[in-house]
Amino acid sequence: MANPVGEDSWVEYVDNQLREANDLESRVRVIESFRRATQAEPGSLKVWMAYCEYFWSLYTDCHPGSDAGWPHEEQQFGREKFTLDAALHLWQEGYEAVQYRLSDSHELWNRWVSLEMELLRRTATEAGVRRITHLFRNRLAVPHAAWDATSQMFSTFLSEYNRHAYENEMQQVTRNAKTAKRLYDLRDPWEMKLARAAKSRDIAALRAIMSEYIDWEIRLTKSKKDARDLVINFQICLGLFARALTGVLASDEETWLNFVVLISTTHTDLKAGRSPIPASLVPNKLDVLQRAVRHVPWSGAIWARYILTAEEVGLSFTDIERIKHAATDSAQLDRDGMSGVIEMYAAWCGYLKRSAMNPSATEEAVDVAEVGLPSAIEDVKHWGRRKYGEAYQGDPDFRLEKILIQFLTERKEDIDGARAVWEELSRVELHANNYDFWLGWYMWEMMVFAAARSKARSPTPATLAQGLRVPTFATRVFTRALKVRTVDWPERLMEVYLKHCNDYELAETLREAQDTIYKTRKGVAKRRERETAQAAQAAQAAQAAQQQQQQQQQQVAPGDQPMVDATTEVDSSPGSKRKRETTPGEDDNGNKRARSEGHNEELKRDRENTSVWVTNLPKDATQTKLKQFFRGYGHINNIELQKRDDSAIALVELGSPDDARSALLRDAKYFGEHAVQVTPATDCTLFITNYPPEADEQYLRDLFKNCGEIFSIRFPSLKHNTRRRFCYMTFRDRAAAAAATKLDGKPLESGKYMLTAKYSEPMARQNRHGAQAEERELHIVNLPRSATEDDVRGIFAKAGRVTSVRIPRNMAGYSHGTAFVIMETKAEAQEAIRTLDKLIFGNHPIKVELSRPPANKITATTRVADGVTSEQSASPSSPGPSQPAPSGASSGATGTGTGPTPAEIAARSIAVLNVPDTMTDARLRAVLASASGLQDLTKLVLHPQHGGAVLEYATPAAAGKAALAVDGLEVGDGGGGGGGERRLRTGTVAELFKAKGEKRIDRIDVPAASRSSTSSAAAGQTGAGPQQEWGDGKKNKKNASGTAGAALMPPPPVVVRRPATGGARGSGGPKRLLGFVKPAAPATAEAKKAEGGGIAASSGGLTNGVAKGVGSTQEGQAGGKKSNEDFKRMFLSGGSNSGGTRDGQQSNETAVPDGGGHARVQGLPPPAPATAC
């Protein structure tokens, strides 16, 4: 490894040499290698530490008494070469190179000063004390993370060696360090973010924060607000670049370009006298570029800057040619396609052209350009065809050809040769179809014509056209262009052609041009008609497919409806209001699906048709490397990477179907040393719904395990609608997905649910339609309760034709005083509002208005009263902890009949904070049951938007006991993918409503221009249909306003994980469900352990609001159903064979009395025997 790249490679390279260094000569070679390493990585702390430590070891080994075993002659020569002064000078040199690395420079300095103090302890001298005092003063004037520790070291040193000057020295250091501490405090938030990302080993976050930090630091160096700190800010900025370019961003092209531009602009300011920064502090441009091309050899932009800078500083042709050859010899120059190759060659050809066109250029320079420019064009063509075959058509901007044309025109005055280049380009389809190419050729011909016009006329007789100086060649360009039937903008060419002929040509040519344009326009009109017809056909086909999808979805319960059991009647409670009947295309709330589709069409996310599989990746592949691999092939929305035993596989979501097709070009390309496979991921994702409420990820994996490999399962957030229950299941291949669709319609839970498993098609989400969407449905309020449908129909028939009338009634048959009327047309509905609103009907002034969908259910309420558990819906304006319960259903035991007072409710209510927004009330009840039991819980109100819940207990004592049991309880983060623990906290209801729910950003690499518009809360659309992707939704109003700061510092992405239930993936068996008993079997050690541990032993975390291990299924595949009395006896006896709710969904369990006057939710696990009450 003659030329290692990166600090780790250099340290490894020198370490290999060091192991073989057995004599003085080999040790000197190691020193030379270390010197080369510090030149290649001048800001590397690791390299400087290794270099200084090795040199110090040589200094100690060459002295008598050392146990290194050097021969006497080598010791004598070593004492002359490896002196103490040289060693200390090297430590100082290393410190000066890394002193502005704020986070870690103290490592080298602490080691250096410890050696200095060790020497002082051996021989204490006044000069030695002054030297170390000086070192401390200088160090404490430099911002660094360990400033307090350094100050304490200085204090200890003064106490030991210079006690009489202690106070003065410390006061002086404190005064001098004010600037250093102020500057570090300014950067401390960034350093804290970096430290957190490093601690969590989140490389992607570390890279993103470092990039943001660098951008902020660069702005600070250019700020004129505080000129006194300009120099030290620049040094700190260089130190930050040293950390980035020897660390996580060592191979990041954008960071290197940032650094190169910073150095370049600083040199420009210095040359113009605009910068106060000393020139000695600014790195050499060529040195920086030399380091850059070693780290990112695939960057054509950096190679181009290297060539340009070499020309600017006056390097010889041989040196610049050596740079060009180094670029072409790099095997990675075309890693990202031909753009890097063309960019480098454009810089080389530009150098040849400028050298030849210099007024003082030699004939040799002209000859070199004359040969080198066509040769470069041929090299690029050969390179492109070698990489892409005959499909390669060249540079769309023909940059190299433009340089050659300029050289031939202006330097060689070879107009025919330059015109031949244009002719050759016009035979390439890529250029012939581009109107801009023809206009460029025309402008060149006109420039040549204007230049020739100034020359003396020939004395020979001329034709009429020659006498009038007609630009014949320019006219010929248009006649050729209009013969190309596939040119992209012929209208523009015809417009310029006609104007040109009017300005310059003879009458005959003008007439011919008009004829040509007339015929061409007819052809173009027919072409446009064909294109319009084809577009219309495509639109009709898409509309037909969409309508077919809508018809299929109308037969499927929407994904955000509550999945009601087939055996349970809706609104069975006599006191509940009957819901308004839904019209086609509505969800259970009466909301038209996909409310925002008409306004935010561009925000739809079509994962299923914009994703590709990337397989055969190396095991160490990262999202950042994948992003670089697909750079230039489209915008990347998201990357899901999974590591296998010896490889990795990724699902890459791009911005559009066109981007996905472009990404397929990377198939069979090398990713490191692996030739990866890139295949489309179309038809691999299914939309799954109508599964049991308690089903979790493991349940679904077990259900579909025989279909094929499941890559991932995505669940929606319940933050804005707690009744959503669906998921997207991505299979590894199309065959597995096709096999999974055969389970569509499969009965589950003895026919209770009919599973839906269909191909996911987000773009086919239903548009809003129906009477309400068409503004034909009216809502009438304050009707007499005795009014009938016929009475209402008779009144509204005066305004137009009435399609239907519906008066909601309760179970007793009494009207609520409201009605819904659907008119034939929108105009008739508007007429009814105009004429009938505030009409007196039966002594009641009725209110007539358009029907609007109600708000989504954003909270989930569970009441436990008289041994019955009931779940209620809550609107956004629902009160906090409780409302006085109706008579006979009081949540308290006051016995007054008037309900508890607010003070009494507050005294026995607590708030649980830090609850994942994917955890529903059913799952939270299971967690509470495992911690404190549910005997005294009377009401639970879940508030996902505030990240918590309100618990109301029967007595204040019970509330206090529960608060102690729940506080600090660990639960899973409720996301997906595994891992992630959080602790529940208890507090007051006021604290809960001050808290904000967690934010989720389900994508990476968001363009700065659209960050503010896409950072919405997960599933934020009201009434979104089941195909609404998790992470899409309403725009965050705060972010929509957008500030520069928000664009530069978006909120860090929240990693959403959904681990499988039951511990490790695949470890779960059949589920425990109501009505199943554990078959008799010998108790194994594992079974005893699980039985003894109860819920606490199995709740190793929560997955989407579900405790790991809850619902293990060994008990239940055989055995008959139990009655409620059986479960009551089992609870009283401390049994543990009960099932839990899963996936954070609403459950339909009932509550049974436990014999003690309390209630237990049937289907939830009772406490383990050791903790039974």
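Residue positions begin at 1 at the first shown residue.
Even glycines carry a Cβ here, placed using N, Cα and C.
Quantities reported herein were computed from a predicted structural model and do not represent experimental measurements.
For 522-609, 866-902, 1004-1075, 1091-1173, the entry in TrEMBL reads region 'Disordered'. Residues or ranges marked as compositional bias 'Low complexity' by TrEMBL: 533-555, 885-902, 1007-1028. Here TrEMBL flags 589-609 as compositional bias 'Basic and acidic residues'. Under the heading domain 'RRM', TrEMBL lists 610-683, 684-762, 776-853. Marked as compositional bias 'Pro residues' by TrEMBL: 1164-1173.
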Residue counts (helix, strand, coil, in that order) that DSSP gives for the domain 'RRM' (684-762): 16 helix, 24 strand, 39 coil
Number of helical, extended and coil residues in the compositional bias 'Low complexity' (533-555), per DSSP: 22 helix, 0 strand, 1 coil
DSSP-derived helix, strand and coil totals, residue by residue, for the domain 'RRM' (610-683): 17 helix, 30 strand, 27 coil
Tally of residues which DSSP labels helix, strand or coil - the domain 'RRM' (776-853): 19 helix, 26 strand, 33 coil
Mean of pLDDT values spanning the domain 'RRM' (776-853): 89
